[in-house]
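Asks: Here's a structure for you.
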Amino acid sequence: RRGKLQRESDFMASVDSSWISWGVGVFILKPLKWTLSSVLGDSKIPEEEEVLIYVELLQEKAEEVYRLYQSSALSSHPVVALSELRSLCAGLCPDERTFYLLLLQLQKEKRVTILEQNGEKIVKFARGLHAKVSPMNDVDIGVYQLMQSEQLLSQKVESLSQEAEKCKEDARSACRAGKKQLALRCLKAKRRTERRIAELHSKLDAVQGILDRIYASQTDQMVFNAYQAGVGALKLSMKDVTVERAENLVDQIQELCDTQDEVAQTLAGVGINGLAEMDTEELEKELDSLLQDSARDAVELPPVPQQQLNPPISDAELEAELEKLSVSAGDVAQKAPSASSEPKTALGLNL
């Protein structure tokens, strides 16, 4: 009821019917009763045979397939073999049925299209995350055939290289065994194989050169389209802009700036609370009087002594000085009583 689940038959019917024919070999694996019910339009399908699709999950998985292809080496050209794409998506699609459902979702979003060429199905992807795929044309088919030729030539060169190495080993073994004629035949076979490898290398270089030119032309076409779109956008943005209007605008800005400067100068010349600006000479006289008063009030400090301080006194000298002071204090204490008794004696005599 919430629309998050959809029957597989309804999902397939929502996709372009002309595109489903390539996958009929997979979907025919369903029970014959389901197929007949779909063709005749009978909606009474047994519950246990009905397959439901969680649409949001299908969309997420289809997005993962598209991003996986974009980040792989297969994305160098938008056309790829269906078998190669199936091998690339083996980790995301546990079975072939899920893989085809994801391709149907991408087809529904106009991001892929599929064509059968010489019994082999090829897939064309849209260039860019938000672009729509264009129909398969002769250029795409030609480029795909060149790519297949490049792959076959590379495999053939690898096979012949292994064959040449085997001939070399056979010649070495025959020479060790004393079979000179056999060794010569192996070397002749090795040279013939090497000549074939050289011929294949030249053909492979030619095919790769054509592919490089095609890729370069596609890049040039993309840049040309970008330039064309940029020129159109620039024309629209500069439609109402002329040199005369720009000069007039600059003059207006300069005039406004001059007016603003004049207003600022006028406002700066107004006194606060109606007070007139004080005379500069009076301010200088007041400043001189303040400086003179501060000079008179300054405290005269004594001059810095120039004589060097006495060297520090040692502990022995301090102890000797302390003993002298102790002896002097004892003498003073002895003289003090005698001096005090004399007045008493005199006082007594007088009395």
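Cβ atoms are placed via backbone N, Cα and C, with glycine included.
Where the annotation comes from TrEMBL, it is an automatic prediction and has not been curated.
Sequence annotations record features per position, and here TrEMBL assigns domain 'CHMP7 winged helix' to 58-126. The coiled coil annotation in TrEMBL covers 150-177. The region 'Disordered' annotation in TrEMBL covers 329-351.
Can you tell me where each of these features sits in the structure?
Replies: Averaged across the coiled coil (150-177), the predicted model reaches a pLDDT of 89.
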Asks: Helix, strand, coil: count each for the residues of the domain 'CHMP7 winged helix' (58-126), based on DSSP.
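Replies: The domain 'CHMP7 winged helix' (58-126) comes out at 37 helix, 15 strand, 17 coil.
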